[in-house]
Amino acid sequence: MSHKIASTLFERNNFAYMQIPLRNGTTADQNGISDRVVYHPALHSDSSSEEEILFDMQYTDEVDKKEDGKTYTVEEAVEAIGFGRFQLRLYVVCGIVTAADALEMLLLAVLSPIVRCEWSLADYQVALITTVVFAGMGLMAPLWGFLGDRYGRKTAMRMFVAWVGYFGLLTSVVPNYTWILILRGLVGGGMAGSPQGFALLAEFLPSNHRAKVLITSSIFWAGGCIFEIFLASLIIPTIGWRWLLVFSAVPVLTAGLLLLCIPESARYLMAAGRVEEATVVLQKIAKENNSSLPEGKLVKSKEIQLGQFKDLFSSHYLRTTIQLWLLWFCAAFTYYGMILASAELLRNETKGSSKCKCAYLNYDDYMTMIISTVGEFLCLPINMLLIDRVGRKITGTVNLISTGVFFALLQIHTKRWMLTAIMFGVRGFAAATFTWTYIYTSEVYPTSIRTLGIGTASAWARIGAMITPFVAQVLLDYSVADATWVYGCICVVCGVSAMLLPIETRGRALPQSVSTSSFEASDNDKESEEENKEK
């Protein structure tokens, strides 16, 4: 009887999502035993018992599972959905959050000349305002990473935008220098959560669009930088620097409202065991993109055994790790150094030979800073044209040495338009270096230690950012030539280091573990060399 019922049900495709009605009129919840079979009374004789009917349903479900056992992962779903309206919406929301983050960062450059004059600060005291921001970022970064993994990317983003906005507003009413150090340090602690938006965006991008989309997302950072300088040119001369702090905090709070328009990460939901919620999220995205999910049931991706800290220093990755730490240090040291030095160079030009350190930025200075910041858009074509054509190592070398050359040119006393052009070049190549560094690091390490590798390398970037104010705002005030030579020489040394990186990642499949990556890397390096010889 059981086999006959099962066969008949499959032949007639009598399946539906519902409870099984028993002969006595009651219903039984199936608790996952069978959620696809409808009971048909016509298939049973009057003598069939309730127990027999339930057994038939369970038997039929077992056969169904054998024939329809298709599954798919979040990664496969994202690839099937493709790039569409949803990714564009997420790209804009995460980009606005990034732009709001940039406002708080560029505030350091335009604020320094003001507080120096108002509170009669020494050079090292001005530099400390920037240093405490990056110190806060370094201390709070592990906490935001923990919150993102425990409570979700979207939740962590809501928390950090509220944090940055709140303490940013409080900074506008600081009574003295000590309080501005404390509150800007807390703002920096909140800004450490900004990578959560980058991670959320990356997790919803199909592989064939991921690199290009993440590279172009830097336009939001550059746009935020330009907008902050524009605000400063309007607000500081009219209603004062405290109002600039208020207006700079409003965008990040507004960005928090936009987070209501995006879903939680499907990868996080799966990791948290919330399979149904992850399925609903992916179904909505597929509908918005006019696409469909793969057939079957959503399941977790195959778990990869995580690597250990010592794996970064294995025989295959020891040299790469040490060189990447140097490159991340250099990327942050030069990029943030130029941001801070731009205001100092213009301030020095304004005050001339006067020994008075109190010199405010004027309209022409702000316009010069805006034009030079536009140079960050230069990093998009540089990386897009070079990174896949000549390889990662040559691209990094070009970016770093070009940054060093333009830095060295800053010591030349020249006309304003030439100074603006040189600053434009520094900002463009420095921004390109930062983008290149992140891309290369994410490609060179295997999946088992990729996050660990990026995390430890970015720690060196924060060290570079903490040190650079004492070169850009202290040493530069003493000697422009000495400061620019420091930046130039470090860039050239790091450019050589980029060329000597042991692994070329162009066209290289992402390795999964340390044990297999060495073989994949060596084969790829040979292929790359052969391609270069042919060209």
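The chain as shown is numbered from 1 upward.
Glycine is no exception: its Cβ is also placed from the backbone N, Cα and C atoms.
Just so you know, TrEMBL annotations never went through curation; they're auto-generated.
So that you can see what the record holds, here are the features copied from TrEMBL:
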- 512-521: compositional bias 'Polar residues' (COMPBIAS)
- 526-535: compositional bias 'Acidic residues' (COMPBIAS)
- 90-506: domain 'Major facilitator superfamily (MFS) profile' (DOMAIN)
- 512-535: region 'Disordered' (REGION)
- 90-114: transmembrane segment (TRANSMEM)
- 126-147: transmembrane segment (TRANSMEM)
- 159-175: transmembrane segment (TRANSMEM)
- 181-201: transmembrane segment (TRANSMEM)
- 213-236: transmembrane segment (TRANSMEM)
- 242-262: transmembrane segment (TRANSMEM)
- 324-346: transmembrane segment (TRANSMEM)
- 366-387: transmembrane segment (TRANSMEM)
- 394-412: transmembrane segment (TRANSMEM)
- 418-440: transmembrane segment (TRANSMEM)
- 452-472: transmembrane segment (TRANSMEM)
- 484-503: transmembrane segment (TRANSMEM)
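Comparison of 181-201, 242-262, 324-346, 418-440, 484-503 by number of C-beta pairs under 8 angstroms to the transmembrane segment (159-175) places 242-262 first.
Within its own chain, the transmembrane segment (126-147) is flanked in space by residues 105, 108, 111-112, 115-116, 155-156, 159-160, 180-181, 184-193, 195-196, 336, 340, 455, 458-459, 462-463, 465-466, 468-470, 472-474, which lie at least six positions past its ends and keep a Cβ under 8 Å from the stretch. Proximity of the transmembrane segment (366-387) to the transmembrane segment (213-236) is established through 3 or more Cβ-Cβ distances under 8 Å for residue pairs spaced 6 or more apart. Below 8 A, the CB atoms of the transmembrane segment (452-472) and the transmembrane segment (181-201) form no more than two pairs separated by six or more positions in the chain, fewer than 3 in all.
Away from its own ends, the transmembrane segment (418-440) comes close to residues 211, 214-215, 218, 222, 324, 327-328, 330-332, 334-335, 338, 342, 345, 349, 368, 371-379, 382-383, 387, 392, 395-396, 399-400, 402-403, 406-407, 409-410, 412, 454, 457, 501, 505 of its chain (Cβ-Cβ under 8 Å, at least six residues beyond either end).
For the transmembrane segment (213-236), the list of distant contacts is 83, 87, 91, 94-96, 98-103, 105-107, 110, 114, 198, 201-202, 205, 243-244, 247-248, 251, 339, 360-361, 363, 366-367, 369-370, 373-374, 376-377, 379-380, 383-384, 431, 435, 439: same-chain residues at least six beyond its ends, Cβ to Cβ under 8 Å. The listed stretches are 90-114, 181-201, 242-262; of these, 90-114 has the most Cβ pairs under 8 Å to the transmembrane segment (324-346).
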